[in-house]
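**Q** Here's the feature list from TrEMBL:
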TRANSMEM  25-50  transmembrane segment
DOMAIN    44-430  domain 'Cation/H+ exchanger transmembrane'
TRANSMEM  62-78  transmembrane segment
TRANSMEM  98-115  transmembrane segment
TRANSMEM  122-143  transmembrane segment
TRANSMEM  155-176  transmembrane segment
TRANSMEM  188-210  transmembrane segment
TRANSMEM  230-251  transmembrane segment
TRANSMEM  263-284  transmembrane segment
TRANSMEM  304-328  transmembrane segment
TRANSMEM  348-371  transmembrane segment
TRANSMEM  377-396  transmembrane segment
TRANSMEM  408-427  transmembrane segment
DOMAIN    485-621  domain 'Cation/H(+) antiporter central'
DOMAIN    627-783  domain 'Cation/H(+) antiporter C-terminal'
Amino acid sequence: MSSKSSRRPPQPHGPSPSHKQCLKFVATSMMSGFGKFVAIISAFVLSRILHHFLKPFSQPQITSDFLIGMVLATIPVVHETFGDVSVMNLDNIVDFGMILYTFVLGLEMDPYVIFKAPSRPAIVAYAGMLSTCILTCLLTPWLHYGTKDTNMITLTISLSITLSGSGSHILTRLITNLKIGKSDIGKLAVVAGVHSDMITMFFYSILFVLFPLEKISSTKGEIKHVVKMILGILIQSIIAAKVSPFFFNWINNENPEGKALKGSHLVLSMAFMAVICSCATWFGYNPFFSAFLAGLFLPTEGRISKWAISKINYLLSLLFYPLLFFWVGLKIDFSDFQGGQIGTWGRFFVLIFIVVVGKVFGTICGGVLLGFRWPELAAIGMLLTSKGHFHVYLAVHAFRSERIEMPTCISIVIVIFLSIIHTPFIVKHIIRRARELVPVHRMNLQCLDPKTELKILLCVHGSHNLPSAINLLAISRGRPNPGLNVYVTDMVELSDKLASTLEKEEGTNNMVLTDKSVIEMREQITQAFQAYVDEDGTGITLGRSHALATFNGMSRELIVLAEDFMVSLILLPFHKRLNPDGTHDSGSPGFRYVNRKLLRHAPCSIGILVERGSGFADRISKSSECKVAIIFIGGKDDREALSYAGRVAWHPGVKLTVIRFLVDKNSENAPRRVSNRASTAEEEEEMKLDDESFADFYEKYVAGGTVAYMEKHLANSSETYTNLKSLKGQYTLIIVGRGGRVNTILTLGLNDWQQCPELGSVGDVLSGSGFECESSVLIIQQHRLKGQLDGLSDDFSIM
C-alpha cells in the first residue's frame, strides 16, 4: 500500500520583501540622520572658518553665519535631506533659541530710562525712528508687500517698526572691536542703537496685544482676549519688577563673589526665570515678547543676572546663530524670488531707500537741532540702519504665518544683510575723518598739557623694587596741581605652578589669583605705596593693577593697561636685580624680553630704571638732599628726558643739575669726517628743536636758580666717555635719553661693546658692570609714532 508523503512548499532563501523594506527604511533613516548631522556641523565649522578670513574686513560674526547658512541650506542635496518633520523640529529649536535671545536682550536693557527726560542720543534715535516710520507708512501701502488676506494696517505698522529698529548688540560689539567705543560718536551711536532697539521691541509687544495672530470672530471675544493678555503682562511685570529683587538678592547674598555658585541655587534661579518668562503666555501672549518683558523688568545687577547674561550669550553665539541662518536657508527658496518682474525689484529697492534715507534724514534732523555736525550724523544714521538676528527671524516668521509672500521675505532678509555688511566701512570712515579733524595725540611728556595731570604706569617685579619705585613716584610728582595719577602695576610671570592656582570667577570670564605668596606680595606693595601717599602724597592719585601673563604675553598686557589708563609714561625696573654688595645678578631673560618688546611697541614714552649702589634706595623726603643729574646731548629722547627732569625739579628734596654736552668743532680732536645717516636738513631741524626745548627749560628752571647748569664742550665720543666717568660719586640718579639723536659725533663708538643695547649708548655705558659709577640711571625713550595715524586716541571727540 502506497502512501503520499506531504510536501511543504519550498521556502524562499533570504529576507522577505517586508524585511527588505524595513532594512531599507532603517538604512535610509540612518543616512538621512547622518546627512543632517554633517550639514549642521558643517554650518558651525564653515562659519568660523569664513569669519577668520573676513577678519581683515572687520566683518561681524553674523556676516559669516548668514553667508554659510544661506548657501549651505540652499544646496539641493542638503535641502532635500531635511524633510517636513526635520524642519518642524528645527522650527521648535529656533523658536526656543529666539526666546532666549529676547530674554537676554531685555535683561541687558534698562527700561526706566524711558521715564526720564530724553538724552541727546535718545533724541537722535527717536528722530531716526520717526522719519523711517513715516516714510514706511507713506510708501509701503502702495506696493503690496503682504498677501491678499493680510490686514494692510497691521502689515504697515509691523514693517515700519522692523525697518526703524537697530541691532544694538551687533552695533555695540562692532564699535567696541574697532575701538571707537570711548569716543563721543561711538558712545552716541551705541546709546542711540540701544534706545532704538528697546523702543521697537516695546512697540512690537504692544502691537501683538492690539493685533493678535489668532483670528477671533466676534468683537466681544477679541476684546476679552486683549484684556486677558494685558492682565497677564501686568502680573508678569509686577512680579519681575517688585518680587524678583528679593529672590535675586537672597541668591546673591548666599553666593558671594569669589566663591563657586551653588548648583541648587543655579537650578532654582533658572527655574524662577523660566516661570517669570512664561507667565504672560498662560494668558495667550506671545512667548518671545513675554520673555523680553520679563528680562526687561528683572534685576540687571547681581551675580545671578550677570551669570545668566554671560552664559546665554555664549550659548547663542556658539550654537544658535549659525543654526538660525541655516534654518532661514531651509525656509527660503530663491527660485521663488520672481526676479523677472519689475515689481519685485521695485519693492526691494524701496525697502533699501526707506531704511537708508529714513534713518539718515531723521538722524541728521534730530542731531542738527542739538548742535551736532551733519557729516558725523550721517555716519551715525548709516550705523543705525544695521539690523540683527531678531529682524531676520521676524521676516521668516511673517512668511510662515502667511502674512507676506516669498519674494517679500527674501527682499527683507537681503536688505537686513546689506544693512550689516556696510557698518565696518562706516566705522573706518569715521576713524579716517577723526584722524583728519583731531590732531595726532602723542602720549609723551613733552607734548603734555601743563594743566593736565600726568598719568604713569609704574611697574614693579616684587617687593625688592619698593624703595626705588617709591622714590621714582616721589620725584615724578611735579606740581601738586594738576598732580600725578600713578598706576602701580605688578609684573607677575604666569608660570605653570601659578597657573594651576587660578580659579575662574563664577558669572564672568575673569580668573581669580589664589596663590598666597603672590597675594601677600601684592598686599605688601599696596601697603607700602598707600603709606607713602598717606604720609606725603599731596597731589598723588594712587591706582593698582597687575599684569599676570607669560613673558611672551606680558608686554601685550602692559600695553593694554597703558592704553586703557591713557598713561603718558611707563616706568620699568631693569631686568637685573641689585645685590647687597652693589653689583647686579645675571638677570631675568624673561623680563629683559618684556622690556625690549615694550621699547618697540609701547603706546607712550617709556623709562627703565637701573639701580646702582645704595643711594637711591634711601627715602627721598622734603628735607633730604638727593643729587640728580640730567645729561642732554640732543635728540627726541633727550628732549623727553628734559621734560621729565622739569617735574623732578619741583621736588624740594632734590638738587637737580642739567649737564649739556655740546660739540666743540674747533677742537683738534674733532673727527674730520663723520658718516651721518641723517640729511643736513634733518640735522638742522633736530638741532633747532633741541635749542628751543633747552631754551624753554633754561628759562623756567635754570634762570631762576632752581636747577644748576653745567656745559661741556666735547670733540668726540672718547671725551664723552671720560666726562661720564668723571660723574662718579657725584649724583644719586642720572637721567639720560635712550637715543634718537641725529648728531652722533659725541656718541659714535660708545655702542661697540654694548652689554644691553636696549638702554641706548649712554645708558649702557653708565649702567655697565665695568663702569665705576654708583649712580642709578633712568633711561627714557619718547613715544615712537609708527605713522601719522597711530596717535589717534580712543576717546577722540569729533561731534
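For all residues, glycine too, the Cβ spot is worked out from N, Cα and C.
Small disclaimer: the values here were computed from a predicted structure and weren't measured.
Map these features onto the structure and tell me what's around them.
**A** Through the fold, the transmembrane segment (98-115) approaches residues 122, 169, 194-195, 197-199, 201-202, 273, 277, 287-289, 291-298, 300, 305, 308-309, 312-313, 315-316, 320, 324, 389-390, 393 of its own chain, all at least 6 residues removed from its boundaries and within a Cβ separation under 8 Å.
Counting residues 6+ beyond its ends, the transmembrane segment (155-176) has Cβ neighbours under 8 Å at 58, 60, 62, 105, 108, 125, 128-130, 132-133, 136-137, 140-141, 145-146, 186, 189-190, 192-194, 196-198, 200-201, 203-204, 207, 211, 351, 354-355, 358-359, 383-391, 394-395, 398, 403-404, 412, 420, 423-424, 427 in the same chain.
If one looks beyond the transmembrane segment (188-210) by at least 6 residues along the same chain, the residues whose Cβ comes under 8 Å of a Cβ in the stretch are 102, 105-106, 109, 111, 113-114, 119-122, 124-126, 128-129, 154, 157-158, 161-162, 164-169, 171-172, 175, 181, 226, 229-230, 233, 285-286, 289, 292-293, 296, 363, 380, 383-384, 386, 388, 799.
Residues 99, 103, 212, 214, 225, 228-229, 231-233, 235-236, 239-240, 244, 247-248, 251, 254-255, 290-291, 293-295, 298, 304, 307-308 of the same chain, all 6+ positions outside the transmembrane segment (263-284), place their C-beta atoms under 8 angstroms from a C-beta of that stretch.
Same-chain residues lying 6 or more positions outside the transmembrane segment (304-328) and placing a CB less than 8 Å from one of its CB atoms are 39-40, 43-44, 47, 61-62, 65-66, 68-70, 72-73, 90-91, 93-94, 97-98, 100-101, 103-104, 107-108, 248, 251-252, 255, 261, 265-266, 269-270, 273, 298, 389, 392-393, 396, 413, 506-509.
Long-range neighbours of the transmembrane segment (348-371) within the same chain, counting only residues 6 or more positions beyond its ends whose Cβ lies under 8 Å from a Cβ of the stretch, are 120, 123-124, 126-136, 139-140, 143, 163-164, 192, 377-378, 380-382, 384-385, 411-412, 414-415, 418-419.
Residues 62, 66, 94, 98, 101-102, 105, 124-125, 128, 158, 162, 165-171, 174-175, 185, 188-189, 192-193, 196-197, 321, 324-325, 327-328, 331-332, 355-356, 359-364, 367-368, 404, 409, 412-413, 416, 419-420, 422-423, 426-427, 429-430, 433 of the same chain lie 6 or more positions beyond the ends of the transmembrane segment (377-396) yet place their CB under 8 Å from a CB of it.
Under 8 Å from some Cβ of the transmembrane segment (408-427) lie the Cβ atoms of residues 57-60, 62-63, 66, 145-146, 162, 167, 170-171, 174-175, 178, 180, 328, 332, 334, 336-337, 344, 347-348, 351-352, 355, 379, 382-383, 385-387, 391-392, 395-396, 398-399, all in the same chain and six or more residues away from its ends.
Residues of the domain 'Cation/H(+) antiporter central' (485-621) grouped by DSSP class, helix first, strand second and coil last, total 56 helix, 36 strand, 45 coil.
Mean model confidence for the domain 'Cation/H(+) antiporter C-terminal' (627-783) is a pLDDT of 83.
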